[in-house]
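Participant: Just lifted these from TrEMBL, have a look:
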- 23-49: transmembrane segment (TRANSMEM)
- 41-292: domain 'G-protein coupled receptors family 1 profile' (DOMAIN)
- 61-87: transmembrane segment (TRANSMEM)
- 99-120: transmembrane segment (TRANSMEM)
- 141-163: transmembrane segment (TRANSMEM)
- 196-221: transmembrane segment (TRANSMEM)
- 242-263: transmembrane segment (TRANSMEM)
- 275-294: transmembrane segment (TRANSMEM)
Amino acid sequence: EFNGSFYQPSAFLMMGIPGLEALHHWISIPFCALYLIALLGNCMILFIIKKTPSLHEPMYYFLSMLAVTDLGLVLCTLPTTLGLFWFDRRRIGFDACLTQMYFIHILSFTESSVLLAMAFDRFIAISRPLRHSSILTKMTIIKIGLAIILRAMVSLLPIPFLLKRLTYCRKTELSHSFCFHPDIMNLACADIKVNVFYGMIILLSTVGMDFIFIVLSYILIIKTVIGLATKEECLKALNTCVSHICAVLVFFIPMIGLSMIHRFGKNVPPLVNTLVAYTYLIIPPALNPIIYSIKSSHIREALLRALRRKSE
């Protein structure tokens, strides 16, 4: 109940999977597997790119950024998720929750921007193959990386302060095993119009614009590919984009779904909300290394060479 005075909880209570609390220990097994795949897979990608001089190209530098971002997302959610499933640790301090939320959103926005940078890289590689390396130099890639991080940090900086100013109800249960801005915001008893408006504007101006520019990049790529001389050249050019298209779909589909559920899906069953949230934060970091290892012959060959050296 809310009696009009300012109230801020000392902690929130995280939720696991609604209705399946008794099975949390068993449910933790696939979660552990996904986290392990994500950690080992992304570390492997970084190790292979670092140790293979032939992979020191723009495409693989951006892939390294994607791997680092995925590792960050995994490390942000792993402690609270497995802590809840293994030890039933549901409590998270108010400030700790805001900190986790801030970094989860920063890394999500960063991943979106990295996927846009990768789409731009594919467009340059296909439309200007001879100038690809001269356009995307190491210094240019570093500047793009810094701009991506700076944009995410600055645009999201007001979010924790906007949440901290709110008066909260006595209900402190979150919908997930991690902290998410709309989830915390909906526990407030105060007017949250500013939070809703700012959150929507930031989401549309960053992730929304990234998605639009990714789509535009692929429209230009398709137009360029159609102009190629032979069918074999068209297929070869498009084949270099398959991994990136898969990564885009794996990231954006659950993210858009989760955003829509939090803002408009008041009657959506809690189980659906929870499953979409876990899909959004855990599946992309686990799948991206697999997708690129399968589709990229260069990474696959470098991995096989590394394994052969270890076995000798």
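Each residue, glycine too, has its Cβ placed from N, Cα and C.
Caution: TrEMBL annotation is automatic and unverified by curators.
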Participant: Taking only the residues in the domain 'G-protein coupled receptors family 1 profile' (41-292), give me the average pLDDT of this model.
Facilitator: 91
Participant: Which stretch, 23-49, 99-120, 141-163, 196-221, tops the Cβ pairs under 8 Å count with the transmembrane segment (275-294)?
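Facilitator: By the under-8 Å Cβ criterion, the transmembrane segment (275-294) pairs most with 23-49.
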Participant: Most CB pairs under 8 Å with the transmembrane segment (242-263): which of 23-49, 99-120, 141-163, 196-221?
Facilitator: 99-120
